[in-house]
Amino acid sequence: MSIKSDRWIKRMAEQHAMIEPFEPGQIKHDAAGQRIVSFGTSSYGYDVRCSREFKIFTNINSTIVDPKHFDPGSFVDIESDVCIIPPNSFALARTVEYFRIPRDTLVVCLGKSTYARCGIIVNVTPLEPEWEGRVTLEFSNTTPLPARIYANEGVAQMLFFQSDEVCETSYKDRGGKYQGQTGVTLPRT
């Protein structure tokens, strides 16, 4: 299994719609020329953006967090260019990009250093072979202060690993519960 380069990522995006919308270069400035957190193709990965759709965790219901019986009322939904995450809390978002993962490929997501250096951690489970959809992102604010996330700017990097052997059973074959998700998706069992 080897990590894939920018050439492979570009080819797969352009010929097989692996990433839509796709940016073949690194975007570091907005339309007005202001610096942003970069997104697009990097040497050995792809930096994704989060959309304007956020779910901010709140404890207004004083409930127990249970992944088997998750209460959607534990979130406040917002649509904005900026998301403020309360201290020691978290928020969910989704990528702008839609992914179609090849059957012989596994994708691992890592947070961007710009956010990590501010105490904001991005967590995403691997994108499995033949999974497709928009990725639900989890941002943890590990600081005792409110933290800001910017929509339509880079938030995480996807690394693509291609196996030397095609898997016997893909995520699609298993009927994975998050297959085809397009919005911010809460836990499912």
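Easy rule for this one: first residue shown is 1, then count along the chain.
Cβ atoms here come from the backbone N, Cα and C positions, even for glycine.
When Swiss-Prot records K112, S113, T114, Y115, A116, R117, T136, L137, E138, Y171, Q181 as binding dCTP, the matching candidate from Q157, Q162 it lists for that site is Q157. Largest Cα-to-Cα span within the dCTP-binding set K112, S113, T114, Y115, A116, R117, T136, L137, E138, Q157, Y171, Q181: 33 Å. Taking a C-beta cut-off of under 8 angstroms and a sequence separation of 6 or more, T114 (dCTP binding site) has the following same-chain neighbours: V37, G154. Non-local contacts of A116 (dCTP binding site) by the CB criterion (under 8 A, 6+ apart in sequence, same chain) comprise V122.
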